[in-house]
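Structure first, then comments.
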Amino acid sequence: MIILGIDPSLVSTGWGVISISDSMVNYIDSGVIKTVSKDSLVLKLGNISLMIEKLITRFNPFHVAMEEVFINKNYSSSVTLIQARGAIMSVIGRYNIDFSEYAPNKIKKAIVGAGKAEKHQVQQMVKLLMHIKKAISKDESDALATAYTASVNQQIKII
C-alpha cells in the first residue's frame, strides 16, 4: 500500500511517499514543492495543485494524509495555508483517493512518542524509522511523519 503524506504550505509544501508491506514501512521518495514569491496567489495555488496531481499520477497512492491547520495569531498566513490545503484537497477529491488529516501533536506523538516534540526530533526519528541516509528537509520529514501516522492509524484498512 502506498501512502502520500503532505505538509501543506503556500511557500514550500513538503511531500513524502511510503509503502507498507508486511507491517514494514518503506521510504520511497520525498521532496518539496516550492512556489515563486513574486507569483500571484492564484499562480501559486495552481502550481501546488499541478505538482500534487503529478505526484498522484506518478505514485498512485492508496491513501493521502495531510497535516491539519492550526489557526495562529497571524490571520493572513492561516488563511493562505487554508487556501493551499483546499487546492491540494481538490486534487485528492478529483482522484477519489482515501484521505485523512492529523493534528501536529498527533503526528509528533506517533513518530517521537511525545506530542510536544521539536521539529528536529521528528526529523531524526523519521530518518531512523525509514532508514533514510540522505539529508531531508523539515518539510519532507513532516510529510513523511504524516504518512507514517496514517499507516499506524486504525482508519486505514490494508486489504
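Indices start at 1 and increase along the chain as displayed.
Cβ coordinates are placed from backbone N, Cα and C, and glycine is handled just like the others.
Using a 10 Å Cβ-Cβ cutoff, Asp7 (active site) registers 25 neighbours. Under the DSSP three-state reduction, Asp7 (active site) is assigned to strand. The active site feature in Swiss-Prot is assigned to Asp7 (among others); the stated evidence is sequence analysis.
According to Swiss-Prot, the Mg(2+) 1 binding site annotation covers Asp7, Asp139.
Annotated active site per Swiss-Prot: Glu67 (among others), in sequence order, evidence recorded as sequence analysis. The number of other Cβ atoms within 10 Å of the Cβ belonging to Glu67 (active site), over all protein chains shown, comes to 24.
Following the DSSP three-state reduction, the secondary structure of Glu67 (active site) is strand. Marked as Mg(2+) 2 binding site by Swiss-Prot on the basis of sequence analysis: Glu67.
Annotation source Swiss-Prot lists active site at Asp139 (among others), citing sequence analysis. Under the three-state DSSP scheme, Asp139 (Mg(2+) 1 binding site) falls in the helix class.
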Non-local Cβ contacts of Asp139 (Mg(2+) 1 binding site) (under 8 Å, 6 or more apart, same chain)?
Asp7, Ser9, Ser12, Thr13, Gly14, Val32
